[in-house]
Amino acid sequence: MKAHPKEMVPLMGKRVAAPSGNPAILPEKRPAEITPTKKSAHFFLEIEGFEPNPTVAKTSPPVFSKPMDSNIRQCISGNCDDMDSPQSPQDDVTETPSNPNSPSAQLAKEEQRRKKRRLKKRIFAAVSEGCVEELVELLVELQELCRRRHDEDVPDFLMHKLTASDTGKTCLMKALLNINPNTKEIVRILLAFAEENDILGRFINAEYTEEAYEGQTALNIAIERRQGDIAALLIAAGADVNAHAKGAFFNPKYQHEGFYFGETPLALAACTNQPEIVQLLMEHEQTDITSRDSRGNNILHALVTVAEDFKTQNDFVKRMYDMILLRSGNWELETTRNNDGLTPLQLAAKMGKAEILKYILSREIKEKRLRSLSRKFTDWAYGPVSSSLYDLTNVDTTTDNSVLEITVYNTNIDNRHEMLTLEPLHTLLHMKWKKFAKHMFFLSFCFYFFYNITLTLVSYYRPREEEAIPHPLALTHKMGWLQLLGRMFVLIWAMCISVKEGIAIFLLRPSDLQSILSDAWFHFVFFIQAVLVILSVFLYLFAYKEYLACLVLAMALGWANMLYYTRGFQSMGMYSVMIQKVILHDVLKFLFVYIVFLLGFGVALASLIEKCPKDNKDCSSYGSFSDAVLELFKLTIGLGDLNIQQNSKYPILFLFLLITYVILTFVLLLNMLIALMGETVENVSKESERIWRLQRARTILEFEKMLPEWLRSRFRMGELCKVAEDDFRLCLRINEVKWTEWKTHVSFLNEDPGPVRRTDFNKIQDSSRNNSKTTLNAFEEVEEFPETSV
């Protein structure tokens, strides 16, 4: 299986492996015997065990038969010698007549020339159909053609004959795409031929040139076809173990039309669950485990990408992730950022891979020498109680693209409510709320409540309509200093709100409409309310009576915005969510259907009414389109009547249309709306706690962004811990009680249980690291492969 190509025998005049595995002997020829008259037809009759009519081995169609190995291609240029994946030619042998000048002799020569031109097609057909004897014959024929050329042209000529010009696919790739019982033997013969003619390096590392599969090599195909023996043979023969397949088929943008695996052979083996090949590649001295693809992803990024939501897939991904990380022993492999600035941990959060995210966050390695690869450390344990330290690297908001921010703000993932229940995210948010967020939330509520009270009082005691609008600074007994201060406070606070919410809206991605409708709606309503207040003030300054319309709308919207502060309480936080979801999911759809009915029936009824005389007081209320629409709307809410006016052209038809409209809208649509709203409320109630936690998490992060940098550093969570030699991490301590799990074989950072003096993160200096905790008392049993605990 691991035979080196130098151990393989050349094809001509030496031993060649027969299909059955027993080598056949080619007798060495004298120079005079090299070119017999019927060489092309009867050369292999001299080979022991050769059969004139070999049985073609039938193969099963390959997995990628259409995208990578199409057997039908139209020859447009007429140069069918360069066609990819040629059809099987007829190999009938034409006997050469005795008279070389006869017409039959000329036809025979022409047939021989056509066979030479079809040599590439015949080689590709032989390797795809598993015809070993025919392949050997064709390679000998190809080698004879090479003797007529200059030595410097031979390598290029051979590569041209062994490679499809339109796709860059070699006959070696063709053989691997059509697996059959003779594939391994065919690969050996091709490698031996390439080595004998000094083209092994070019031949084995040839890449696809077609855009869809650009960069794919024979090693990639062997791994994808799960041919471990052939993959080992190619690696031993010098295949490039760091080749990158960059075609569109392997691009994650087209994941529904292709397969993304990270481009490299190692990543392909890992993503397709082939641990033997992964081990073989990692043991190879030329394999670059830290290699990154064109998107900046390394092998761990690729594993996160292929993970799915079902258990079987996640189990093998976690095993591969574990195996690669532990065998490499390189902590930086997990901290590498791709072109989007995401580590494998952050990528798992962005893609909503909850199981993989949980595994990475809580990975605890029990072996002492590899403890630095953990993200969870057991500080001490006593019975069922243990104190765990969770690494906050790339988790807290102190870093860009933190897991916490990605999870809270990414509306493209449906399970972010579930992801926020994972540790340490759950405890981290709870500690932030207790430390500063709840106090800021209460102050914000007080200020906004006082703002609404002041706005209401100022609006209520405004000059009435019968009075002239006074100058704003004309302080009389009716308008004193208190009212002026109230108006100034309302104006200043409204300007502050408009600036704050305007910046927040500007920072939102316009393309993320779902985020705006689901999470960021309060930014818009607060901004609109503040703008209405400012607009009413300026209209009042210039003595426009229209200021009252803006003022009334601002008051109504201001008190409605108080629902935002219900998210501070779990029992009341559902009201705003229910109202939001009912409006966006149910009411908008109802209004669309209702407006269609309203306009249609309004036009119909208005068309049935004749023009009324001006002196007729009993004129129909359906005399115009606008009047008809208004009357139909009254019928919808139960305020209209079904009286028939005398001036309708067809009273029976008029009545029929009214009754139909009432049935469709008042009876059918309204009851459907009520049913849909009830279903929405029920669904929200089932996820009430998770939705409320997501609301509160977004509120916490919004308030944290408002803090200045010096204050944010004071409120930073975690403690600096020494987890290994010269390895200090900012960790979050979580005490856990597990009656089903006893920490008997886990290495502890401290022998003695109980609380210890925590290091204040804000007071740590570089010199204080020598005074950090003394660690590394272990009780584990050293094993060949360290276990992990999730």
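Glycine is treated like the rest: Cβ placed from N, Cα and C.
Topology note: TYR208 and ILE609 are separated by the membrane (different topological domain names in Swiss-Prot).
Beyond the ends of the repeat 'ANK 5' (298-330), by six or more residues, the same chain brings 252, 260-262, 264, 266-267, 270-271, 273, 275, 278-279, 282, 289-292, 336, 338, 342, 344, 347-348, 351, 353-356, 359-360, 363, 365, 370, 373, 785-786, 788, 790 to within a C-beta distance below 8 angstroms of the stretch. Looking at 431-460, 520-540, 570-608, the range that has the most CB pairs within less than 8 A of the transmembrane segment (650-686) turns out to be 570-608. Sorting the topological domain 'Extracellular' (541-545) by DSSP state (H, G, I as helix; E, B as strand; all else coil) yields 1 helix, 0 strand, 4 coil.
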